[in-house]
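A quick write-up on the structure given underneath.
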Amino acid sequence: GPSRAVLFRGKHAVRVGHAPEPCGIQWSHFAVRRGLKIVRVAVTLLGALLLVLVVGAVMFAPAVMYLMSFTDIHQPTVTQYWLAHAEKGVVAASAAIGNRLLVQLLRRAATLSGFLQKVNEDSVFAVCAYCSCVVNSVAPLVIATVVAAADRVTVTGPLAVNWLFQVLWACMVTTELSGVLVPAWRYWSAYFWVRQSRYVSVREAEPQMTPPEFPLATRYVDLLHALTLVCAMIAIDSTSMYTIVAQGVLLLYCTYVFFFDKYALLRLNRHTYYTSPKLDSTVQYLCVFPLSVLFVCPLRRLLLESAPWANAAIFAGNAVCFIVIARICQKCCEPRREVSDILYVEVASLMPYNYFNTNPVHVLRTLHFPSIVVPPLYPFVPGKEYLQGGQFADYDDSVRLRETLMLLAKAPLKGLEDAGNPQDLT
């Protein structure tokens, strides 16, 4: 064990880790009790999964069963044909809208859970939202398969691929429409509210008009969800026309997302800071699931296709292998922070944020008298990062600041109209 030289009070081991960047700390959540955030997220996730299973069993699974019965009709009428496709489109659109509602619900739950660091909140949200969206998209097929097995009927590969393709394009369209319409609605609502109000102040209107941060965790979930559906289609039937078209659609969608998100990050959203790689590491672990599903397709042919345990064994083996590879790559590529002799006050004078001007509690409890060189204190406000930096008179000007305070303390503040600027006394 560790020696007593590195023990706190001779009992507890002292471990030193990297301190989080101040811009990623959510000071307003320090009032939330520890342990309560995990309970809130867990309850919300379980409720979302239960809702997904109930809705999938009551609304979406019967649609899959109807498609199974429609497949047995060799010469359907025009009415039957259009009714089948209309029901399939409505159910796919409903599943896509349900995914967006689940994402918003889980985002709200993660925000209210009180995580002290932004990156931890986004990582937990990404895991919960990804699991909920995948279950919501696949649950109707699984429930229909279980119900059909009781009557010695099975869901065929082409039917499953067809269903996943419909859900894929519906989720893509719904995601992009909501990503454009929801921010536009919020902006124009705030705009007309400000224009129609006669007594609203700038302090009240500015938070309403400030654009939101870039939803990096949400975009991760959307792309991982689309990748998982395409990998599942390849594993089910790699020769299907729906699978080939889905791969092309995913390629075009990723290209569009790259350019649109780049424009949104630079022009539409406010400055978004991510100084911790924890969210990226979480997404790398989540990539294990679609890759494990994808590798079921080539490795399944090496085993007996009639074995019922083959797919599950291949998936579990791939998952363990990819998790180990991801962990090794993260450890090998982990950046090493070198110890520097630069004083903190010198670093803080160059950074747009530090531990003091991002902590509203500290700012409210601190009294700083501005001098000629040191600007007045600006408390931290999201979207006003350009005002941060150089607000604290703890370097280079402390002597003149003390002299100014001493002169003001000794001389009464009378007759200043004739004396001119009080700061000229220095």
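Just so you know, glycine gets a Cβ as well, placed from its N, Cα and C.
Feature annotations, reproduced from TrEMBL:
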- 38-61: transmembrane segment (TRANSMEM)
- 81-103: transmembrane segment (TRANSMEM)
- 124-147: transmembrane segment (TRANSMEM)
- 167-188: transmembrane segment (TRANSMEM)
- 217-236: transmembrane segment (TRANSMEM)
- 242-261: transmembrane segment (TRANSMEM)
- 282-303: transmembrane segment (TRANSMEM)
- 309-329: transmembrane segment (TRANSMEM)
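Beyond its flanks by at least six residues, the transmembrane segment (242-261) meets 158, 161-162, 164-165, 168-169, 172, 176, 214, 219, 222-223, 226-227, 229-230, 233-234, 236 of its own chain at Cβ-Cβ distances under 8 Å. The listed stretches are 81-103, 124-147, 167-188, 309-329; of these, 124-147 has the most Cβ pairs under 8 Å to the transmembrane segment (217-236). Of the ranges 81-103, 124-147, 309-329, the one with the most Cβ pairs under 8 Å to the transmembrane segment (167-188) is 81-103.
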